[in-house]
Amino acid sequence: MKPPIFIMIMTTVVLGTMIVLTSSHWLMIWIGFEMNMLAIIPILMKNFSPRATEASTKYFLIQATASMLLMLGIIINLTTSGQWAILKLPSPTASNLLTIALAMKLGMAPFHFWVPEVTQGTPLSSGMILLTWQKIAPLSVLYQITPSTNPNLLITMAIASMLVGGWGGLNQTQLRKILAYSSIAHMGWITIIVMYNPTLMLLNLMIYITMTLGTFMLFMYNSSTTTLSLSHTWNKLPFMTSLILVLMLSLGGLPPLSGFVPKWLIIQELTKNDMIILPTFMTITALLNLYFYMRLSYTTALTLFPSTNNMKMKWQFENTKKMTLLSPLIIISTMLLPMAPMMSILD
C-alpha cells in the first residue's frame with residue numbers, strides 16, 4: 001500500500017472514531033461507525049492473501065450486522081422518544097438492541113467468534129489496531145448509555161467473555177489468537193465495572209491499550225507469530241526475553257505489575273457494592289488468563305533451544321532505534337502499581 005493512500009485511510013479511521021467520541025446525535029454516531037468500519041478493511045488486507053481476504057470479509061459481515069442492529073435500535077428509540085439524543089433511551093427494547101450491537105462490535109461473548117479468526121488472518125500491525133483503537137468508539141457509546149442499559153444483560157455478557165477469553169486461550173500456539181482471546185477477557189472486565197464506576201472503566205481501557213500496544217510492538221520487533229518463534233528469542237535477541245516476560249505477566253494481571261492495578265480496583269469496587277460471589281468468580285477466571293501467559297513467559301525466558309548459530313553475540317549488532325516508542329510503553333505497562341493509591345481516588 002502506497003504511503004499517501006495509507007495516510008488517507010488511517011485519517012479516515014481516526015476521524016470516524018473522533019466523530020463517535022464527540023457526537024451526541026445517534027445518526028452522527030452511526031455515520032462515524034460506518035466510516036471507521038469501511039476504512040479499516042483495506043488495513044486488514046494490507047498483505048493481500050486469501051487468509052486476509054477471508055478475515056476482512058468476516059469482519060465486514062459482523063460489523064455490518066452490528067451496524068444494522070444499531071440502526072434498528074436507534075429507529076425504535078426515535079419512535080418511542082421522538083429524539084435523536086444519545087442520553088434519551090426510554091425504550092428497553094432499543095436499549096437491549098444497542099447493547100447487543102455494541103457487544104458485537106467489541107467482540108464480547110457470545111458474539112466473539114470473529115475476533116480470533118480476524119486477528120489471526122491479518123498482519124501484526126493490523127491486529128494491533130483491531131484490538132486497541134477499534135475498541136474505543138463502541139466503549140465510548142456504552143459509557144454514555146450505561147444508565148439506560150439492562151444490567152443483567154451486560155453482566156451476563158461480561159462473565160461469558162471472561163470465561164471464553166480464559167478457556168479459549170489455553171490451547172493456542174498462535175500469538176495473535178492468544179492476544180485475541182485475552183482481548184475478549186479484558187472486554188469482560190472493562191464492561192462489568194461500567195455500571196458501578198465508569199471512570200474506572202476508562203482507567204482499565206487505557207492500561208489495556210498500553211499493554212496490548214507494547215506486546216504487539218515487541219512481537220513485531222521480534223517477528224514472532226507463534227510460541228515456537230517466541231521460544232527462539234533468546235538465541236536472536238536476549239535482551240527482549242526479559243521485556244516479553246514482564247509484559248506477559250503484566251497482561252496476566254500478576255502483582256506488582258500494572259495489569260494488576262485495574263483488576264485490584266475493580267474487585268475492590270464490586271466488594272464495596274456488597275458483591276462477593278461475582279468478584280470471586282472473576283478472580284478465578286483471571287487465573288485462566290494468567291496460566292497461558294505464564295506458559296508464554298516460560299517458553300520465552302526459561303527455555304533455551306539448541307541453535308546452529310555460531311554467532312551468539314549477533315544481537316549486539318541489531319538496530320535498537322526501533323525501541324524508542326516501545327520503552328515508555330513497557331514502563332507504563334509494568335510500573336503503575338505505586339500510583340494505585342492515587343487511582344483509588346476514582347472509586
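Just so you know, glycine gets a Cβ as well, placed from its N, Cα and C.
Features reported for this protein in TrEMBL:
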type: DOMAIN; residues: 23-288; note: domain 'NADH:quinone oxidoreductase/Mrp antiporter transmembrane'
type: DOMAIN; residues: 290-343; note: domain 'NADH dehydrogenase subunit 2 C-terminal'
type: TRANSMEM; residues: 5-21; note: transmembrane segment
type: TRANSMEM; residues: 27-45; note: transmembrane segment
type: TRANSMEM; residues: 57-76; note: transmembrane segment
type: TRANSMEM; residues: 96-115; note: transmembrane segment
type: TRANSMEM; residues: 152-171; note: transmembrane segment
type: TRANSMEM; residues: 178-196; note: transmembrane segment
type: TRANSMEM; residues: 202-221; note: transmembrane segment
type: TRANSMEM; residues: 242-261; note: transmembrane segment
type: TRANSMEM; residues: 281-305; note: transmembrane segment
type: TRANSMEM; residues: 325-346; note: transmembrane segment
Leading stretch by Cβ pairs under 8 Å, where the reference is the transmembrane segment (178-196) and the options are 5-21, 152-171, 202-221, 281-305: 152-171
Interface present between the transmembrane segment (202-221) and the transmembrane segment (152-171) (three or more C-beta pairs under 8 A): no
Intrachain neighbours beyond the transmembrane segment (281-305), with Cβ under 8 angstroms and 6 or more residues off its ends: 159, 162-163, 165-167, 169-170, 172, 175, 178, 182, 185, 189, 192, 227, 230-235, 241-242, 244-245, 248-249, 251-254, 263, 266-267, 270
Residues from the same chain, set at least six apart from the ends of the transmembrane segment (202-221), whose C-beta lies under 8 A from its own: 124-125, 127-128, 131-132, 135-136, 139, 143, 175, 179, 182-183, 186, 189-190, 193, 230, 240, 243-244, 247-248, 250-251, 258-259, 261-262, 265-266, 322-323, 325-326, 329-330, 332-333, 336, 343, 346
Overall pLDDT for the domain 'NADH dehydrogenase subunit 2 C-terminal' (290-343), taken as the rounded mean: 67
